[in-house]
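S.K.: In case it's useful when we look at the structure, here is the feature table from Swiss-Prot:
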- 25-45: transmembrane segment (TRANSMEM)
- 61-81: transmembrane segment (TRANSMEM)
- 93-113: transmembrane segment (TRANSMEM)
- 148-168: transmembrane segment (TRANSMEM)
- 183-203: transmembrane segment (TRANSMEM)
- 223-243: transmembrane segment (TRANSMEM)
- 286-306: transmembrane segment (TRANSMEM)
- 327-347: transmembrane segment (TRANSMEM)
- 356-376: transmembrane segment (TRANSMEM)
- 380-400: transmembrane segment (TRANSMEM)
- 468-488: transmembrane segment (TRANSMEM)
């Protein structure tokens with residue numbers, strides 16, 4: 001009786017905390033490692049792109065870059081990718097895209113950035129033109145600082161291409177719906193633990209007492225930070241390619257891990273490009289998915305834009321900005337891991353809607369609190385006079401950091417894993433080209449729409465700042481979050497029909 005009770009407890013414990021069978025480790029371990037490496041690079045690039053662009057130019061320029069550079073690049077990529085999957089294997093697509101991105105990052109790091117005065121317009125000339133044409137000053141800055149803008153744009157595309165699209169397409173092809181319920185939250189748990197490693201690593205590399213000083217002399221700390229970080233990114237990218245090769249040759253060919261191994265992976269004739277997009281456009285399911293993904297990008301970018309402007313005021317140099325950003329990434333990793341464990345059990349005990357709606361609700365509540373602090377900062381400080389032991393600027397940065405940690409924590413743990421489950425019941429065309437269109441375009445449409453709102457205001461009112469336009473952004477933010485919650489409810493109804 002005791003033995004039966006003990007066995008029952010063991011089974012329940014395993015189901016809750018380690019629902020992976022021993023024979024599945026050959027599939028689970030390489031996929032978890034691949035996710036870890038992709039997210040490692042993603043977060044190193046995230047720290048670098050913001051630290052470089054915002055410290056070297058300004059926080060306001062980011063919105064313009066997202067609208068006029070990142071979004072067109074994302075749209076172009078979707079068209080190229082839709083063509084590539086008709087002629088190339090997933091493995092080759094992954095190699096070619098990795099080679100392209102890493103080649104530019106290396107070129108920027110070792111050639112363009114150290115000699116930026118050669119490649120960019122002289123700062124004095126740029127300032128003169130911006131002063132002469134104040135309504136177009138941000139567009140002039142985009143062109144004059146093209147090196148920073150291209151680097152920022154490609155680093156912005158990395159997560160949507162390598163993580164959201166390629167990794168999850170790989171995982172969805174390899175994983176059954178039943179396995180997804182057990183694997184996906186653990187993928188998130190192990191993969192997002194990379195944020196903690198990135199946080200500690202980048203805090204050290206960007207600090208004054210960096211370990212780099214023990215191995216080499218440093219003439220320019222910001223150049224050294226970017227060069228060492230990019231070298232690490234290139235090495236990890238090579239490891240990603242080796243993992244994709246291993247999985248393709250050893251997992252996809254094993255009937256134990258992949259049900260289609262005996263008959264081979266799907267080679268059915270695919271639709272042409274125009275027909276494919278027409279097919280996707282008719283899918284209400286994908287349109288709802290697009291709204292959800294775009295809403296997150298739109299909402300979080302409104303909050304982040306104001307927050308990052310405050311960070312630059314507090315940490316004006318590339319290295320100090322990167323050091324703070326690294327601390328934020330570290331705590332985001334901790335939040336994601338905690339929320340992944342919570343989300344895993346929520347997904348088991350409740351339906352898909354309950355798990356999926358957590359993210360927009362938390363983001364809306366914390367975002368509104370942040371905007372209230374920015375808009376009514378003086379009233380709040382006078383109300384709690386003497387009780388707050390930090391400056392208004394430091395308080396705004398701290399509250400914004402907490403908001404972003406909670407928002408990203410729920411999004412990257414609970415929302416991402418629940419969203420990927422929506423693709424599993426779809427047919428092959430919607431799983432590949434449909435996913436590419438939704439995953440790459442939607443996030444960028446969300447961010448660029450947010451950036452468009454900001455860019456219109458800054459173009460019409462050249463003297464505007466993020467602090468001044470915060471009341472407008474707060475209203476828009478609330479509306480977008482409510483639309484996201486509505487779309488989650490509608491897509492749950494559609495999912496129930498086909499799951």
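Any Cβ shown, glycine's included, is placed from N, Cα and C.
Help me picture where these features are in the structure shown.
M.R.: Counting same-chain residues at least six beyond the ends of the transmembrane segment (25-45), those with a Cβ under 8 angstroms from any Cβ of the stretch are 105, 155, 158-159, 162-163, 167, 170-171, 174, 183, 186-188, 190-195, 197-198, 201-202, 229, 232-233, 236-237, 239-240, 243-244, 246-247, 250-251, 254, 256-258, 329.
Counting residues 6+ beyond its ends, the transmembrane segment (148-168) has Cβ neighbours under 8 Å at 34-35, 38-39, 41-42, 45-46, 48-49, 52-53, 56-57, 61-62, 65-66, 69-70, 73-74, 77, 81, 90, 93-94, 97-98, 101, 104-105, 108, 142, 240, 416, 420, 423, 435-436, 439-440, 443-444, 447 in the same chain.
Residues of the same chain lying 6 or more positions beyond the ends of the transmembrane segment (183-203) and with a Cβ under 8 Å from any Cβ of it are 18-20, 28, 31-32, 35-40, 43-44, 47, 171, 175, 229, 232, 322-323, 325-334, 336-337, 340-341, 343-344, 347, 412-413, 416-417, 420-421.
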S.K.: Using a Cβ distance cut-off of under 8 Å, indicate which of 223-243, 286-306, 327-347, 356-376, 468-488 has the most pairs with the transmembrane segment (93-113).
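M.R.: Of the candidates 223-243, 286-306, 327-347, 356-376, 468-488, 223-243 scores highest.
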S.K.: Could you tell me what the rest of the chain brings near the transmembrane segment (327-347), counting residues at least six beyond its ends with Cβ under 8 Å?
M.R.: 16-17, 43, 46-47, 181, 185-186, 188-189, 192-200, 202-203, 354-355, 358, 401, 404-406, 408-410, 412-414, 417-418
S.K.: Could you name the stretch, out of 61-81, 356-376, 468-488, with the greatest number of CB pairs under 8 A to the transmembrane segment (286-306)?
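M.R.: Looking at each of 61-81, 356-376, 468-488 in turn, the most contacts to the transmembrane segment (286-306) are made by 468-488.
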